[in-house]
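Residues or ranges marked as compositional bias 'Basic and acidic residues' in TrEMBL: 498-507. Under the heading region 'Disordered', TrEMBL lists 1-27, 498-518. Look at TrEMBL and you will find 38-58, 70-91, 111-129, 261-283, 303-323, 358-380, 386-404, 416-437, 443-462 tagged as transmembrane segment.
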Amino acid sequence: MGDGPRQRGSAATGSSADVAADSGKDTGDSGVALKKEIGLVSACGIIVGNIIGSGIFVSPKGVLENASSVGLALIVWIVTGVITAIGALCYAELGVTIPKSGGDYSYVKDIFGGLAGFLRLWIAVLVIYPTNQAVIALTFSNYILQPLFPTCFPPEKGLSLLAAVCLCNHVWESLEADLWNVQKRDISDTGQPFILTSLSEDTDLSYYWLEPVNAFEPFQKYDVGQIALAFLQGSFAYGGWNFLNYVTEELVDPYVNLPRAIFISIPLVTFVYVFANIAYVTAMSPQELLASNAVAVTFGEKLLGVMSWIMPISVALSTFGGVNGSLFTSSRLFFAGAREGHLPSLLAMIHVKRCTPIPALLFTCLSTLVMLCTSDMYTLINYVGFINYLFYGVTVAGQIVLRIKQPDIHRPIKISLVWPVIYLLFWAFLLIFSLYSEPLVCGTGLAIMLTGVPVYFLGVYWDNKPQCFNTFVDKMTYLGQKFCVVVYPAEDKPKEAGGIELKEEKSPLAGEDNEATK
C-alpha cells in the first residue's frame, strides 16, 4: 500500500490498480467509490425500517400519558406525521443541493461552519446512534426471548448476548454489501408496516374511546408543557425519517428517488402509526395502556389469547429491520465525518473490492456493543433527544440561510419557504416547552453536546500538533488500512451533479472557516 495512507484520487495506484479501477467503474473514473445501488424500494425500506423500529411499541404510552386524552393523543400522532413530512421535504432540497452523504451533519457543517457540524457529529457519535441501535437490538432480543419466559422477565445477560448477535449479524451483512443483502434489507424493512396493520384485523374491538364525547375526556388536567412532551415522545417514534440523507451518494438517481421515497414512506408510516394507536385504544382502556410496560404484548394478550405469542415475534421482526437500517445509515455518518476531517481518516476509507466503509461499520458496531454493557440507556435517550431535535431545527434554518446567501446555486428540488417556516414554528414550540417541563433532562443534553467544544479545538482546529503525535496517527492509519484492505474513495464532483462543489473541511457560508470553490 505504499508509505502512509492512500489519498483520494490516487487510490488506484500500485498493485491494487486493477481492482480499484473495476470497483470505481460506476463513477466514471479509475478510483474506488461508494456503489450507487440503493434504488427506490431500498430507499423506502431505509426510511420505513428506521422509523418503525421500536418507537411505536414504546411511545404510545408516553404520548397518551402526556396528552391526557385519547383524542388529543391521536391528534399528536397525526400532526407529528405531517411535521415529519415537512421536515423530510426540507431535507430533500438540502440533500440534492449539497449531494454529500452525512445528512444534517454535512448540511450544518457546510452552512454554519466546522464547529457546528462537529457538535452535531459529536453528539451523534457519542450517544445518539449507538444508544438508538442498542435499544432497538435489546427490544428485538426481549421480544424474541419473552415467549420462552412466560412467567418472568428474560435474564439480562441473555438479552444483551442476543442483541449483540443481532447487531453482529447485520454488520456482517453490511460488510458483504451484495445485492442479496440489499434485497433482504428491503424485505425486512418494507414488511414492517404490513406486520403492524395485520394486528388489528379480525378482532372483537370496542370503539367507546373513539367516540368524540369520550375521546377528549381528560383523565388528568391539560398542560401545555405536557402536551409538548407528548409531541416529543411522538417525534421519537418518527425518528429516522432523515436517515436516507446519510446515504445520498449511494442512491441511484437521487434527484428522483429521494423525494419519491419521502412521498411514499412518510404518509405510509403516519397511516400505520395512527391506525396502530386506534387499534390499541379499541382493545384496551387508557388506564390499561398506561399501566403496561409492553403495550404490544398487552394488546396481543387481550385479542389473540393462546396465539398471543405472535405479537412478540412480530415486534421482533420489526425491530430486526430497524437495527439493520440504523446500522447501515449511522456508519455512513461516521464515514462522512471522517472524510471531512472531523474523525480519524481511517473511517473515511472503503474496501477496494466491496466498496463498503468497513472501518466505519466496525466502529459503529463496537460503540453499540459498549452501549449494550450499560443498563440505563433510556435515560441517555432522554438526555440527547432534546439535542437531536435542536439540530433538526438548526438544519432546516440552514435551508433558509442558504436561500438568502446563495440564491443562484442550482437546486434540482426547490420547495416553498413556507414549509421550513412552519417546521421551525413547531420546532420552537416543542423545544421551548420541553425545556420548561424538563429543565434537568434538557440541560444535561446540552451539557453532553458542549463537551465537544474543547475536543473540536484540540483535535480539529489545532493544526500544529507535535510531530510524534502525527507520526503515531499515520502508523495506526496505515495498519488499519492493511487490516481492512481499504483506501480513500474517489469522489464524484458535486458540480457535475448540479450541487455545490466544496473543498475538504470548508464551509461555503461560514467566513471563519474559508470560502467555497465555485
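Just so you know, glycine gets a Cβ as well, placed from its N, Cα and C.
Remember, TrEMBL labels are computer predictions, not curated facts.
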Counting Cβ pairs under 8 Å to the transmembrane segment (443-462), which of 38-58, 70-91, 111-129, 261-283, 303-323 comes out on top?
111-129
Run the contact check on the transmembrane segment (111-129) against the transmembrane segment (416-437): 3 or more C-beta pairs under 8 Å, excluding pairs closer than 6 in sequence.
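Per Cβ check, the transmembrane segment (111-129) does not touch the transmembrane segment (416-437).
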When you look at the transmembrane segment (70-91) alongside the transmembrane segment (416-437), do they share 3+ Cβ pairs under 8 Å, ignoring any pair fewer than 6 residues apart in sequence?
yes
